[in-house]
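> Annotation source TrEMBL lists transmembrane segment at 44-62, 184-203, 215-235, 256-274, 280-297, 309-331, 337-361.
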Amino acid sequence: MHNPDLAPLIKTLSLAFIVIPHGQQFRALMQKELEFNKIGMIETSSVLAGFTFTVISAHYWPLALTAILGYLVNSAVRTLLFGYFGRKIYRPGLHFSLASVSTNLRFGAWLTADSIVNYINTNLSTLVLARILGAGVAGGYNLAYNVAVVPPMKLNPIITRVLFPAFAKIQDDTEKLRVNFYKLLSVVGIINFPALLGLMVVANNFVPLVFGEKWRSIIPILQLLCVVGLLRSVGNPIGSLLMAKARVDISFKFNVFKTFLFIPAILIGGHLAGAIGVTLGFLVVQIINTILSYFVMIKPVLGSSYRQYILSLWLPFYLSLPTFITSYGAGKLVDGYLPLSGVFALQVMIGILSFILMIIFSRNALVMEIKKQLFGSAKMKKLLRVG
């Protein structure tokens with residue numbers, strides 16, 4: 001990096017690798033027992049402790065090291081609290097038997113390898129762009145990537161993390177697992193599809209309004225990455241399914257295959273058409289990934305259920321389609337009559353209203369079930385047309 005000032009910061013930060021693992025086993029056990037209230041309390045408390053330490057320290061000692069020390073405080077508090085509450089589930093003792101953990105080690109090895117390959121796939125496009133076209137172009141691409149692809153990557157694990165232990169409890173009941181997996185796939189789509197399709201429509205106004213006129217060049221990149229983000233979002237629950245069935249090896253092998261597709265796709269795209277070419281290469285690989293995911297990862301675990309796979313993806317797309325159409329139409333109708341901020345606000349409001357109406361009037365069984373779970377009062381049920 002050619003920056004010696006970073007050396008002490010990195011060395012200090014590395015202490016986190018010693019502290020964090022001691023709490024992870026207890027967190028995993030609490031997650032398995034579905035004790036998410038405790039997990040939430042612990043993680044909130046640790047974040048507040050780290051944040052408070054950082055703010056107070058930065059006031060008296062305004063150095064970069066204070067942020068790292070704050071993170072270490074966060075990690076230490078988190079580990080201590082997980083250890084304290086987790087010991088009620090399991091109390092560590094002096095016992096060693098390699099044979100008894102061989103299955104877990106094998107599972108962990110596959111999971112670690114899969115995570116490494118997935119990390120490479122996630123960050124490769126930005127690295128290639130920076131290498132081929134420079135940091136400026138890579139920065140613009142990264143801006144669009146952080147808006148369209150990163151939010152689903154951060155949001156979806158919150159849902160799948162909750163449902164992974166539930167899947168694990170029914171791993172031997174294939175029919176029940178199949179039904180609940182496809183429900184999860186649809187729910188993830190219902191959360192992500194309207195936002196990403198809406199963003200794709202309003203990108204022309206969103207980019208200059210939020211980032212400034214100088215970033216107009218990233219509009220087509222952002223629109224293409226919205227499709228990438230949409231497809232990646234529905235791929236996320238597959239990881240929970242494979243972990244529940246202890247078949248992470250399938251995910252690892254498929255991710256390796258995807259890497260061999262991904263590298264030439266973005267290299268060729270980058271050389272031929274710059275940032276747009278890299279984005280198109282990314283999109284093509286993601287489309288192939290979505291199609292093959294069923295045959296390579298879902299079918300071997302859940303059996304033949306292609307129709308259910310298609311229907312689980314069709315439902316959120318069908319519910320989100322009016323958002324796409326009405327937002328686009330509203331933008332065309334008022335373009336030139338309202339300022340940029342007014343057009344954008346109208347598009348967003350019309351899109352949200354369209355999606356809400358689709359949810360209210362939908363008679364789909366899953367949507368009805370979601371409405372019953374979220375809105376229990378009699379008045380709300382009547383408003384949402386829940387019988």
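Keep in mind that glycine also has a Cβ here, set from the backbone N, Cα and C atoms.
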> Below 8 angstroms Cβ to Cβ, which residues of this chain, lying six or more residues outside the transmembrane segment (44-62), approach it?
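Contacts of the transmembrane segment (44-62) (Cβ under 8 Å, skipping residues fewer than 6 from its ends): 69-75, 77-78, 81.
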> Looking only at residues six or more beyond either end of the transmembrane segment (309-331), which have a C-beta under 8 A from one in the stretch?
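Result: 182-183, 185-186, 188-190, 192-194, 197-198, 200-202, 204-205, 234, 294, 298, 343, 346-348, 350-355, 357-359, 362, 364, 366-367.
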> Which sequence-distant residues neighbour the transmembrane segment (256-274)? Criterion: at least 6 residues beyond either end, Cβ under 8 Å.
117, 120-121, 124-125, 128-129, 132-133, 137, 280-282, 284-285, 288-289
> Which sequence-distant residues neighbour the transmembrane segment (215-235)? Criterion: at least 6 residues beyond either end, Cβ under 8 Å.
140-141, 143-145, 147-149, 151-153, 156, 185, 188-189, 191-193, 196-197, 199-200, 203-204, 206-208, 275-276, 279-280, 282-283, 286-287, 289-290, 293, 313
